[in-house]
């Protein structure tokens, strides 16, 4: 396993863990004039780009993809877009941890699929197995499983207070 690719694949997860477990520190770091969810989304997109570059560095692309690619990738991305559509930026990017009031959502896929954004991401990753060595897909998936576990232990008392 290439060290650069492995580190790149795991890069966002310490950041997500730190944000989840230290939301007040992040809100304070962002300051009064910045939306902590928006700042998180910008950093997350940059880290996601580094993840993709890392994965691309060990991938062998070919066309056409195998038939299993289309349903896995299509449904995975549908779940991701649907979660973002229902929760918005603040709901997707830890707004509740940063002291925002995020309404509870029950529309599909919520209430049907537990952790639908992570499930969608994992399905999309597995769709790429014909191009990317399994160990990198597994490593990325384990990062998501770790965050599912971390986020399942949310204590409302540890949520951040908005800066006044």
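Backbone N, Cα and C define each Cβ position, glycine as well.
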Query - transmembrane segment according to TrEMBL, located in which of 46-63, 64-81, 82-99 - result: 46-63
Requested in this report: Which residue among the binding-site residues 74, 76 has the fewest other Cβ atoms within 10 Å of its Cβ, if you could check?
Outcome: 74
Query raised in the report: Are there residues at least 6 beyond the ends of the topological domain 'Cytoplasmic' (153-164) whose Cβ is under 8 Å from a Cβ of it, and what are they?
Result: 20-21, 23-24, 26-28, 31-32, 36, 96-100
